[in-house]
Amino acid sequence: MAAPSTTATASDDIDAEAFKRLYPEQYYDRFLSEGVRPDGRPLGRARAVTIGAGAITSVDGSALVKVGRTTVLAGVRLEIIRPDEMSPSLGQLALSVELAPFSSQEYRPGRPPDHVSVITQHLTTALLSGGDAVELTSLCIAQGKAAWRASLDLYVLDADGCVLDAALLAVLAALRNTRIPPVRTTREGHYVAVGGGRAGDAGGEGIIESSPMAMQLGRCPLGLTCCLYRGHLLVDPTADEERLAECCVSVVLDQHGRLQGVYKLGGKVLADAGTLVKCTEAARLRYRELSGLMELSLGQAAKGTGGNG
């Protein structure tokens, strides 16, 4: 007698999926009228988050972040460069964002979705505007002679909504996980990384005591995206919810709760003042949750590498 029930359940699942594709608004309206979303969350609940600091051993810092199904991998590679003549005491941070072909149904070969460039722009603003998020002076080895260049590569593996939020979290965790090796000078006057550091080679003489050992962050910007759909405010929307939304807004705050940016990521209408206030309050609550998870992950990574966290 179990076979007909199993067949009926499978048929119901297929029918529901087909109905969702053909009539997405009606599909979501059925759930929202009950105060829940298709994934079972209340309207104001964000998705579960996992952070794996130090996920990659072949780079100098890394983090793998999952927000629901949205997955972002960040890696930091270090190299010694000669600083720019116009900023002799500053290192450099280079940022790139790539979307895996399997990460989104919007991906087309040779033509990445528009939101990739938007995310890159917003990340650059969050990290480098004002000059105190990533303190580039902390990457200086010898003024005018040597500095670190940090190449920060982000790979979006699954773009199931709120990619900017996951990217910011992955970036911060990877930067804080980055450990800078000691630096020495050679007889020829070159600057090289020392010993077991992943960015360098062996050596020991002529160690520069003032060389930085960790990247300094003055601000730690994290974000939360909310969307407005038929008068409902949805916190941390999925990709399906973002596509249906009349408005999507990302609020970025620092560790002191100060507003760092408000970005409109999609939709045809503008968010009113009341909606922005609700989004900001939700972002403050989310920040405490995310920062706690990040500290826990960084601590675990530090124990796994002999306390270098």
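Positions of Cβ are set from backbone N, Cα and C atoms, glycine also.
TrEMBL lists 46-181, 221-283 with the feature domain 'Exoribonuclease phosphorolytic'.
Averaged across the domain 'Exoribonuclease phosphorolytic' (221-283), pLDDT for the predicted model comes to 91. Across the domain 'Exoribonuclease phosphorolytic' (221-283), DSSP assigns 17 helix, 28 strand, 18 coil. For the domain 'Exoribonuclease phosphorolytic' (46-181), DSSP puts the residue distribution at 37 helix, 52 strand, 47 coil.
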